Amino acid sequence: MPCEGCMERDNVSTGVTMEFLLLGFSELLCLRVLLFLIFLIVHLVTLAGNTMIFMAVVLQPSRPPMLFFLCQLSAIELCYTLVIVPKALLSLVVVDGSTISFLGCAAQMHLFVALGGAECFLLAAMSYDRYVAICQPLRYAALMSQGLCLRLALTGGLAASAIALGLTAAVFRLPFCQPRRINHFFCDVPAVLHLACTQGYTPELPLLAACVLLLLLPFLLILASYLCIAVALLGVTSSLGRGKAFSTCVSHLAVTLLHYGCATFIYIRPKSSYSPARDKVVSLVYTNITPLMYPLIYSLKNKEIRGIIQKMLRRKKIAHVN
């Protein structure tokens, strides 16, 4: 049953003129300036780090599969921060929160879910790359061709975009109660669903379906890859060989744990346990800290990335001296 004060959607122009108010961190008035400076610095460092990795890989004449996937990951993280962080910074500048249009909110939600889903599929593709490299090294070049890598990236991105579109359409077809205040710094799915004038768990079914397709399915693929890797490593008699093979998976495992840990905490839980304050903190880590950590993890653990970045910096230094 719709609640009293719901926004009826009979008028076709309603969706165009309708607005939401993003409250952001309006309850932390005394920390507004400090939070703004921290967010801005983290945002700029994240953009610089991911741009450096993206450009370092793009400028390479030949790119192994893992570098190709790292380039895709950096591009996704760049888009992530550009979709979420500018609006979050604006919410810290405006005292009473920032407004966002109905279409703008829907577009932000769609892009956020699509990028998150594409990252899940990309992590699954990267785990398959590690499986082939460790379990079938002699066939690695034949199996992980450029065409296959490109098809995996495109398929994952298109599938994530289609699922995100279906979820966004299902969410924004719901009637919303007055006042339309989103207690968040962006149009996250649980925060918008919290405004829906409906009872029961029916509105959550599209989110559950999206979680199964975007989170659970890639996670099972990643789990299957690492189970096969673990079985293969058990057959390796040399501890040095096991350690060397496992070290190639450390970066991917760290990124996967960060991504899935935050996403699972936010989305795979009942509506009754929704907590705006807790969600904002976890989303803050998910949308600001993890994109910053990814370049650090891969630049520290991946020798190829370190070598490429060092060459780039050396060339810039030489050009500057000349």
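Glycine is treated like the rest: Cβ placed from N, Cα and C.
Here is what TrEMBL says about this protein:
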- 49-298: domain 'G-protein coupled receptors family 1 profile' (DOMAIN)
- 33-59: transmembrane segment (TRANSMEM)
- 66-89: transmembrane segment (TRANSMEM)
- 109-128: transmembrane segment (TRANSMEM)
- 148-172: transmembrane segment (TRANSMEM)
- 207-234: transmembrane segment (TRANSMEM)
- 246-269: transmembrane segment (TRANSMEM)
- 281-300: transmembrane segment (TRANSMEM)
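Within the same chain, residues 113, 116-117, 120-121, 123-124, 127-128, 130-131, 134-135, 159-160, 163-164, 166-167, 171, 189-190, 193, 242, 245-246, 249, 253, 256, 260, 263-264, 267-268 sit at least 6 positions outside the transmembrane segment (207-234) and bring their C-beta atoms closer than 8 Å to a C-beta of that stretch. Averaged over the domain 'G-protein coupled receptors family 1 profile' (49-298), the predicted model reaches a pLDDT of 86.
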